[in-house]
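Asks: The structure is given below, and queries will be raised subsequently.
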Amino acid sequence: MKKNIVFACSSGIATSTVVAEKVREHCEQHGIDIDSRQATVGELTGLDDSVDLFVVTSDVGGGYKTPVVNALPILTGIGEQEVLDHIVSLLKG
Amino acid sequence: MGQTIVDVFQYILSFGPEVMLPIIIFIMAIAFRVSFSKALKSALTIGFGFVGIFLVLDLLTGSLGPAIEAMIDNSGVNLPVMDTGWPPLAAIAFASPIAPIVIILTIVINVAMLIFKWTKTVDVDLWNYWHFAFAGSLVYIATGSLIVGLIGAAIATIITFKLADWSAPYIHKRMGLPGISLPTLSAVIYFPVGILGDKIINLIPGLNKLNADPESIKKRFGVFGEPMMIGVILGIIIGIIARFEIRNIIELGISLGAVMFIMPRMVKILMEGLMPLSDAIRNFLQKRFPDRKDLNIGLDIAVIIGNPAVVSTALLLVPVTILLAVVLPGVIIMPLGDLPFIVVPLAMVLVATNKNIVRSAIIGIPMLIVSLYFASNLAPLVTNVAESIQYEFPEGATSMINSFLDGGNPVRYWLVMLAQGNWIAIAAIPVILIVVWYIYKLSRRDFDENGQLKE
């Protein structure tokens, strides 16, 4: 079954593109089919509870029904694998 | 034989960037051990990104150009330079013959500075190397000397790393990003400006107590946060001032809205294509310094521009910028493409003022004025650089382009003036050094004896 992910960053373009590519590749390797879109951080409130996961690159605070993963480690490369594995486990769980 | 090689070389150099750059990126990707198929795919993607950016640029110059000419003829508003926004400048910078050398040079400078402990920043953000390449290509076209161009790029790189180190502790604490620094030239050079402005405002009674609530500003000025709305509204206003008939006014609004909406998507294609090389360079840099726990990973300014305080300050300054461009004598650029990116230079000011919106907006106004003037003065040179990579303007377009933020960047402007032997630029060297040193000393008071930032 397809999983819906929203990738969000401050512009909806720059860093979320990088993160989205990495996550898509990692999910494919683990047999997870994903459907994704990119958004600005400000749009998340409107998208809450409509998808399986939010993956963000800047601090968005709490209070969302949709699980949020901060993907900054994917940009820095430090702790990248852990975050990718965490995303996969959330989607499979 | 020698002549044949020169001919072949000349022939290859005469290709447009959408052909040249994929070849260069492919070779670099292979050199950094990216797999063949991935290197090929990403190189082609970059070429497509170029095609896309220049298609949208054609739409912009083709629709806005005649309107700006009519506006000059039919009203007193004389702003003949089109603000394309930074994406075409980035494309031009990556397409300039100096860019591949600048990429390598930046890596070499970064590694050397890390070895000698002159910087703590590991700049893994290949995308933003375009800022250095753009500095280099401006100086190169201004002087005709490749070496001087590379020196210009190198100075821009070193300044950026030093400022990224300086601002890093503030970013760690105030933006909650430990282990990160932000070596984005277009933002980080305004950090000292923010620190100085903050200290000055501290001394002004009344003003030093003010702040504003980001949410209420967002509600009132939110429309300026939508690039497409900026495009549509400005298009309609320019159409009216140009005394177009109603049909053409609406068409211009739709065209400019489309430019603002589509351009970032084209940039995305370019960025996707750069990713495998960017990853390879990141791994290359990180493998070199596994034991240095004191280092910061240098990322794009984008990781902090989502902060509500940054966004709201920038929203306030969008109408201010348009007003400034219209009323200031000597400013000849019509702000458009860079309007959604006022967040970039302001982000570092917000860091310096600890997210105070009122202070940052006040500090932002002189910054914007300077940027508008420098962008006006640099427009002929930037247009020359665009033409040097074979970009041809559509028929009927006014002939000058620039972007008012990245094309008016004070550091790049200063480097160009230095390279041209401008005596004011040369005389400014000791002044700038003393002022920046003084600001640095001022900022040290923000730290306690253990080197921790006090709040």
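Cβ from N, Cα, C; glycine included.
Curation plays no part in TrEMBL annotations; they are all automatic predictions.
Per TrEMBL, the features are:
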type	residues	note
DOMAIN	B:9-442	domain 'PTS EIIC type-2'
TRANSMEM	B:12-32	transmembrane segment
TRANSMEM	B:44-68	transmembrane segment
TRANSMEM	B:88-116	transmembrane segment
TRANSMEM	B:137-160	transmembrane segment
TRANSMEM	B:180-201	transmembrane segment
TRANSMEM	B:221-242	transmembrane segment
TRANSMEM	B:248-267	transmembrane segment
TRANSMEM	B:297-316	transmembrane segment
TRANSMEM	B:322-350	transmembrane segment
TRANSMEM	B:357-375	transmembrane segment
TRANSMEM	B:413-440	transmembrane segment
Asks: Can you work out whether the transmembrane segment (B:221-242) touches the transmembrane segment (B:137-160), with the criterion being 3+ CB pairs under 8 Å where the paired residues are 6 or more apart along the chain?
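Replies: They are not in contact.
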Asks: Ranking B:88-116, B:137-160, B:248-267, B:357-375, B:413-440 by the number of C-beta pairs under 8 Å to the transmembrane segment (B:180-201), which range is first?
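Replies: When the Cβ pairs under 8 Å are tallied, B:357-375 comes out ahead.
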Asks: Counting a contact as 3 or more Cβ pairs under 8 Å, with residues at least 6 apart in sequence, do the transmembrane segment (B:248-267) and the transmembrane segment (B:357-375) touch?
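Replies: Result for the transmembrane segment (B:248-267) with the transmembrane segment (B:357-375) is no.
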Asks: Can you name the far-off residues of the same chain, 6+ from the ends of the transmembrane segment (B:12-32), with a Cβ under 8 Å from a Cβ of it?
Replies: 38-40, 42-44, 46-48, 50-51, 54, 91-92, 94-95, 97, 99-100, 103, 273-274, 276-277, 280-281, 284, 389-390
Asks: Who are the chain neighbours of the transmembrane segment (B:137-160) in space, where the CB to CB distance is under 8 Å and they lie at least 6 residues beyond its ends?
Replies: 92-93, 96-99, 101-102, 105-106, 109-110, 113, 131, 183-185, 188-189, 378, 381-382, 384-385, 388, 411-412, 415-416, 418-420
Asks: By Cβ distance under 8 Å, which residues at least 6 away from the ends of the transmembrane segment (B:88-116) in the same chain are close to it?
Replies: 13, 17, 20-21, 24, 28, 49-50, 53-54, 57, 122-123, 126, 129-134, 136-137, 140, 146, 149-150, 153-154, 157-158, 161, 267, 270, 281, 284-285, 288-289, 292, 295, 382, 385-386, 388-389, 391, 401-403, 406-407
